[in-house]
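Features reported for this protein in TrEMBL:
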{"type": "DOMAIN", "residues": "429-513", "note": "domain 'Cyclic nucleotide-binding'"}
{"type": "REGION", "residues": "631-654", "note": "region 'Disordered'"}
{"type": "TRANSMEM", "residues": "37-59", "note": "transmembrane segment"}
{"type": "TRANSMEM", "residues": "71-92", "note": "transmembrane segment"}
{"type": "TRANSMEM", "residues": "122-143", "note": "transmembrane segment"}
{"type": "TRANSMEM", "residues": "195-218", "note": "transmembrane segment"}
{"type": "TRANSMEM", "residues": "325-343", "note": "transmembrane segment"}
Amino acid sequence: MRRASVVHFVSDGQKKLPPRKNILDPQGPVLQKWNKIFVITCVMAVSVDPFFFYIPVIIDDKKCLDLDTALQITASVLRTFFDLFYILRIIFQFKTGFIAPSSRVFGRGELIDDPVAIMKKYLTSLFIIDILSIIPLPQVIVLATNPSLGTTDPFVAKELLKFAVLIQYVPRLLRIYPLFKEVTRTSGILTQTAWAGAASNLFLYMLASHVVGANWYMLSVESEVRCWRRELKKASLFHQNYTSCGVRDNEVLSHLRRNCSFVDPDKITDRNTFNFGIYFDALDSGVVEYTTDFPQKFFYCFWWGLRNLSALGQNLKTSTYVPEIAFAIFIGIFGLFLFSLLIGNMQKYLQSTTVRVEEMRVKRQDAEQWMSHRMLPENLKERIRRYEQYQWQENRGVEEEALIRNLPKDLRRDIKRHLCLALVKKVPMFEKMDEQLLDAMCNRLKPVLYTEKSQIVREGDPVDEMLFIMRGKVSTMTTNGGRTGFFNSLFLMAGDFCGEELLTWALDPHSTSNLPISTRTVETISEVEAFALMADDLKFVASQFRRLHSKQLQHAFRFYSSQWKTWAATFIQAAWRRYWKRKIEKSLREAEAKLQDALANEEGSTPSLGVTMYASRFAANALRTLRENNRHSKMQQRLLPPKPAEPDFTAQKH
């Protein structure tokens, strides 16, 4: 009893339980969709943070530093909005299970849905980075240094904002990479199309230009403030409040206007003149000054960042100030890295859209070289070119059979059913089949293409496939084995089929491995799309599904078979000739009876001229009719095709 209980306990422990209702599957579709949303919001969040660098502004007529209140409010609201998604992401992390590393030997692995284990794993991995990312430092600084409160100098607010945004920017950037990696690991891709992937890489390049432009703006403001402080210290006029707009001193103002004027670095002749270096354009254009036209300021700085990142900082003319030189070096290295990354990814994504076209071009080039090497005639070359072109128009280079073959059985069945069922039902013979039998037929059908004037099968060749026409027009003809004077032709359209000799062969329980011989030549009149059922596949379906042997299905097969139609038409013609022969024989007998009566009436006397002429005419007509009937009868027996094979299905119990 103890041994049995242990076995029962082990079996229960090995039973895979479904995940708890409040625990999310990291590979489930719901979390995958949310992860994509989180990636987008994280990218948007890091694009909002640089707007805090635009808050400090220069009041040029007062030569002082101030803060843009409207931009403070806008940036804080946007930052808070995107921080809500970070908070939501943290909540999701506590509710998301994980795959045990030791269980990834086979399959997807075992899902750990224990809340305690999930919490321990998250707290020891990315929790610290997430907390550092959502601390509202910029919002607190904006609220604490509001100019309307008059509590803090704008210079201090600028420094606090700069360091707060830069310090938090690192964990906010670091949080994007593992999230992006998780999305690509679970779903394989982030964007569904190549163009979307190329656009996302281009957007990242634009984001980097935006960040560089915002930093350039902040450093431009700092360069002018640095000039003010240096000149005031030289003149022994320096006071902390002089850089803010709350204090106005005419002596200080005139001194700053005289010694901190904007001079082009290339035109500086006096070494005592302050060199603004790479920040000269921002100061000389007035972009750092207070304005209500913020888009103008933003796009000017954005363009500066994009231009210098693309040029790898080659046009930057710096001063001897070390932080300025370091910023220029950073632009050069960062631009080189981003440019190479952008070009590589853009090339990869854009090439993925044309890879099929390139493969088709190479394939056509190889075919042309092969045809020239083998010296094929021009008409045969043109047929090959038409076939390749038509096949490309149909599937765009995608190997459908190879694609479907790698899918699970149920998916293959459903796909084949979707692709073939509606078309197969157009074949009237298949209307008598049930759904299970139709599924088996669809699973074995293979799509084929034929160009104009292609011979699908010739009379006398073995029949190795049964063809169901979906689009196009086909001509079938027979000479009844090459017999002189016999020719029969039919046209097959969408919904018709050919190669029915194969079905008789497959249904015959005593059929040999030798394929049946085609009684007709099948040639396409236009481009034809069809489904082919190979001999082995048809034999398999016939052996597995005995319902194919039903009398109702056999009658339907006879009704729509071109071979049976030809035989039936010839049989009707032969029957009509027999009827006409019997009718003529009857009329001859009646005429002979009239002649006998006339001769009997004239018995004993000399025959009249009318009777003599009637007798001679009757004899000539009778002789001619008999000769023609004998000739037609022999011709009819010679030209009448044999009845199509009809196996005895009662030989085995089906």
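Note: Cβ is positioned from N, Cα and C throughout, glycine not excepted.
The model shown is predicted, which means the values in this text are computed figures rather than measured ones.
Two recorded stretches are said to be in contact when at least 3 C-beta pairs lie under 8 angstroms, sequence spacing 6 or more; the transmembrane segment (122-143) and the transmembrane segment (71-92) meet this definition.
Taking residue pairs at least 6 apart in sequence, the transmembrane segment (325-343) and the transmembrane segment (195-218) share three or more C-beta contacts under 8 angstroms.
For the domain 'Cyclic nucleotide-binding' (429-513), the mean pLDDT of the prediction comes to 77. In terms of DSSP secondary structure, the domain 'Cyclic nucleotide-binding' (429-513) contains 21 helix, 28 strand, 36 coil.
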